[in-house]
């Protein structure tokens with residue numbers, strides 16, 4: 001499944017695509033778990049294991065695609081009025097994606113363990129030593145040499161067949177792919193961790209701005225209070241001056257009136 005970059009820069013469509021992928025990842029994880037439960041039962045078959053591998057790889061690709069979509073969503077331009085709502089939406093998508101990835105990685109690890117157990121059983125039944133064969137040609141040459149020098153020996157438990165080798169190499173290839181996919185998911189978790197960290201920085205910045213705003217408000221209130229006090233004192237002083245002037249005028253008027261009479 002290939003990644004289709006963007007949806008015309010429309011945040012609503014991009015958010016819908018992300019939500020849809022998250023739902024698919026969750027559903028695929030459930031299906032992978034159901035398939036894992038069938039391994040080692042009468043329903044187990046090479047076809048079932050192939051379906052398991054394909055489903056796992058498809059889900060892994062969905063996870064990579066969703067990671068890119070979320071990054072794109074976070075980089076979309078936004079107006080100040082939309083910023084808060086956009087951040088809430090992104091936080092929700094990141095949280096849902098993290099939950100779905102956690103469940104997916106859990107079944108990934110289970111699948112890898114099942115494959116390793118299968119290889120171990122085949123090796124044990126075929127008397128194959130070592131963990132992972134580095135050179136399959138050596139084992140094939142060994143089988144050929146044993147078949148030529150001991151054609152009469154037909155003890156199945158002590159021989160490794162071509163089918164055994166094929167199964168071992170297929171399963172080991174599957175294990176390596178699973179481990180690589182698990183590492184891919186780990187990288188996505190790191191990306192999500194960085195997003196959460198950046199969101200924390202934004203929150204810290206917002207809180208700092210709020211605190212600064214509160215300080216400025218307090219300072220402004222103090223300045224207003226001082227201004228009000230000054231204004232009250234000014235009015236009081238003005239009233240006293242006016243009163244003195246009135247009294248002075250009255251005294252002068254009385255003196256003038258007395259002189260005239």
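Positions of Cβ are set from backbone N, Cα and C atoms, glycine also.
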Of the ranges 218-238, 239-259, the one Swiss-Prot annotates as transmembrane segment is 239-259
For Swiss-Prot, the entry region 'Disordered' belongs, out of 129-148, 149-168, 169-188, 189-208, to 129-148
Among 24-46, 47-69, 70-92, Swiss-Prot lists coiled coil at 47-69
Contact set of the coiled coil (47-69) with the rest of its chain, CB cutoff 8 A exclusive, min separation 6+ beyond the ends, reads 1, 3-5, 14, 17-18, 21-22, 24-25, 28-29, 31-32, 35-36, 38-39, 97, 101, 104, 107-108, 111, 174, 177-178, 181, 184-185, 188, 191-192
Rounded Cα distance, in Å, between residue 45 (phosphoserine) and residue 125 (phosphoserine) is 18
Listed in sequence order, the residues of the same chain lying six or more positions from residue 75 (phosphoserine) whose CB sits under 8 Å from its CB are none
